[in-house]
């Protein structure tokens, strides 16, 4: 990460105001020109070692806070960033700020999984650098995000039951007097022997030759006492608290994650349906183009049709040919007509002669 990455929030909801009244005034007095040193330690969770880096931040009243980063996922603890910047703020203010970050940024995998999860809200290092300016911790978070532990080094290991800094510091302070007390016991042992020797000297003067050997034993003891305080000089700084996650917080985070995934799925389905509707609307105007193409093919090669446009034939001069029965009937009617005409003509010629 050569420069802070810009992140755009997922929602349009503005970020809640930070508790400026609880801001740590000692952050402004820190030397921004010199990189803040990062120290490493090893914590054990479910039999697995996790290297954790820490940066010490002074707070009012002579106290201090630690900003943590776990190197199995590379994530930085947003909760420790908030506590270092606003040490006197309440838990509700921290919860409001962390909920906004969880809603607007993807934190998947930042806090590990299963029993390897740690307490608080953890964010990717690039996002931590992006948010650091709002806490006035850019000069601290950037070196922490760039730090990397030495694979060949052996760091101090703290157990899962480590509670807080002062307790671990007390245990470290108790460990050194135990070693010095052993040296003191060894140093006291020569003082007991001379008492026995004095009794023996009174009993037998021949054993006086053994007495000069006791100073040689005393001379060999001081180097052992000088080596005993050495482990106490390695890292007298108290270890920060790295508690396990809260069950109630895990349940709440799981519910929020399920709700977010369901909301994203509904949004994706709605978007897919909208795109399908737009595709259907866009496909409707293409129908006339297909019909036009069909008409073009029809005009190019028209199918065979029945042509009824023929020339009219004049049939006025044609004779109607009738059947033989019709012709005989016509002949008979013509004959009877001729007979009737002859009878009528005869009658008209005879009757006048009868009366006149």
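Each residue, glycine too, has its Cβ placed from N, Cα and C.
Just so you know, TrEMBL annotations never went through curation; they're auto-generated.
If you look up TrEMBL, you'll see 1-21, 150-249, 261-287 marked as region 'Disordered'. The feature domain 'HTH APSES-type' is assigned by TrEMBL to 46-156. What TrEMBL lists as compositional bias 'Polar residues' is 173-193. Under the heading compositional bias 'Basic and acidic residues', TrEMBL lists 261-274. According to TrEMBL, the feature compositional bias 'Low complexity' maps to 275-287. The transmembrane segment annotation in TrEMBL covers 334-355.
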Using DSSP three-state counts, the residues of the domain 'HTH APSES-type' (46-156) come to 45 helix, 22 strand, 44 coil
May I have the DSSP-based helix, strand and coil counts for the residues of the compositional bias 'Basic and acidic residues' (261-274)? 14 helix, 0 strand, 0 coil
